[in-house]
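According to TrEMBL, the protein carries these features:
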ACT_SITE  His267  active site
ACT_SITE  His313  active site
ACT_SITE  Asp368  active site
Amino acid sequence: MFAARSASFKHAVKAVRSEHGQKAFGPVIVDQLYGGMRGLPALIWDGSVLDAEEGIRFRDRTIPEIQEALPSAPGGTEPLPEGLFWLLLTGEIPTNEQVTQLSKLFAQHSALPEFVEKLIDTCPTTLHPMSQFSLAVTALNHDSAFAKAYHEGIHKRDYWDPTFDDAINLIAKLPAIAGRIYNNVYRNRKATPAIDASKDYAWNLSHLLGFSDNEAFNELMRLYITIHSDHEGGNVSAHTGKLVGSALSDPFLAFAASLNGLAGPLHGLANQEVLVWVTKMQESIGADASDDAVREYVWSTLKGGKVVPGYGHAVLRKTDPRYVAQREFALKHMPNDKLFKLVSQLYTIVPKVLLEAGKAKNPWPNVDAHSGVLLTYYGLTEMNYYTVLFGVSRAFGVAAQLIWDRALGAPLERPKSYSTAAIAKMFANRS
Ligand code: CMX
C-alpha cells in the first residue's frame, strides 16, 4: 500500500518540479544567514505544516480535528498515536482495526537486544536520561535492516523498504528503553515489566513506567505522544533527523541525532526547564504568590540574562495549540490543582512581561509550558526525565519523514556557508 502511494506521490513531485523547479521562492537576506535561518524556505516535508498564527496541521488537520478523527482506546477519548503515525505515512485516517494491527506490530518488535539492556544498565544514574536514551538508540543500529541492505547492495528505489522496517523497530523499542532508564534512575533499578501485546502503545509506555493503573494517565500519554510527534520539518530534532538521514545513516543513527538536538534547553529540554523554573519560583516567592510577586520573578529571570522557559517560538506567533490541548486536558482532569493554577497564572502574566521587555517576537506559551504540570499531577515528578517522553513521541514524526525521504529519493543535504569577508566583499560595490 505504501509502495503504491509513494509511487503516485513521486509523480506529483515530478510535476511540481518540472513546472516550478526553476522559479525563485523569494529573497534571501543576509540576516537569515546569521540569524539561525529563520523563515528560510529550505526543506520539504508533507506530513505536517506549521502556520505562525494557526499552529500545526498534521496532513492538513488541526489538533482538535485529529482528536476528533483518530481512533481512541476502548472507553477513551484521546487519539491513539498509532493513528497519527498512520496518518503521517499515508495521509489517511486509519480504522480501529488498522490501528490495533499497528499496536500489535509495535508490541511484537518491542524487545531490546540484551547488549542494549546491559548498555543502559551500565550507565551511572547520574547520566542525564536523554544521554542514556540517545546512547541506547544509537546502539540499536547494530541490527539495522537498512544498514545491512545497503551493505549488500540494495537498489536505490527500494531504500524505503528496510527503512520502514527500521522505523517500526525504532518506535517499537522506545518504551522498553524509556522504561528501563526510568526504573534504573528513579526506581532503584527496579525490573521493567513486560509489554502487553493486547494493549496500545501509550498504555504500554505508561505500564513500563509504572502508571498504567491510572486510566487518566494512559489517556494523557495518548494525547502527549500524539501532539509532540511532529512539528513540520525545520525544528531542531526533525531537521537533524532528516539531515543525518540524508547521508543514508540508518534511522537509529538519524533519530539518535534528533534526540541530541531535542536535549537542548531551547528545544525539548524546555519541558524540564519549565518545571525547574516554576519550582524555584515557588521556593523563592511561595506557592500562593500574588500576581505582582510572580511578575517580579519573571522580570528577575529576564534581567538575569535568562529565557523564560516554555514561552516564545521561532515560528509561532500565537499560543501553541499543543499548549491549548494540554490546558483543556488539565481543565477536564485537574481543574483545582495548585500547580495548574500557577501555570494558568503565568499564562496571564508572562506574555505581558515579554511584550513589555520588547525582545521576544512571540510572547505566548509553547508546548513545553504545560506538559510538566500534567505529569507532576499524576506522580511523574522527575523533571529531568520529561524530555525522554518528548523524544519517544518525536520518533513518530522523524521516522515517518525518513521513510518518505527514502521513498522520494531525497538527496544528501548540503547547503552553502559563507564567510563574513565574502559577504562584505559581495556587497562592497552595491549601494
Ligand atoms: N524569554 C526571554 N527571552 C526570549 C524568550 C523567552 N521566552 N523568547 C525569545 N526571547 C528573546 C531571544 O532570546 C532573543 O534575544 P536576543 O536578541 O538577545 O538573542 C529575542 O527574544 C528574539 O528572539 P525570537 O526571535 O523571538 O525567538 P527565537 O526564534 O530566536 O527563539 C526560542 C525561539 C523558542 C528559542 C525562544 O523563544 C526561547 O528561548 N524560548 C524559551 C525556551 C523554550 O521554551 N523553548 C522551547 C520551544 C519549543 C520546543 O522546541 O520545544
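Just so it is clear, glycine is given a Cβ too, placed from its N, Cα and C backbone atoms.
Unlike curated records, TrEMBL annotations are generated automatically.
The structure displayed is predicted, hence computed values, not measured ones.
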Distance from Asp368 (active site) back to His267 (active site), taken between C-alpha atoms, in Å: 9
Secondary structure at Asp368 (active site), reduced by DSSP to three states: helix
Distance [Cα-Cα, Å, rounded] between His313 (active site) and Asp368 (active site): 11
Surrounding CB atoms that lie within 10 Å of the CB of Asp368 (active site), all protein chains: 28
Other CB atoms within 10 A, centred on His313 (active site): 22
All-chain count of other Cβ atoms within 10 Å of His267 (active site): 19
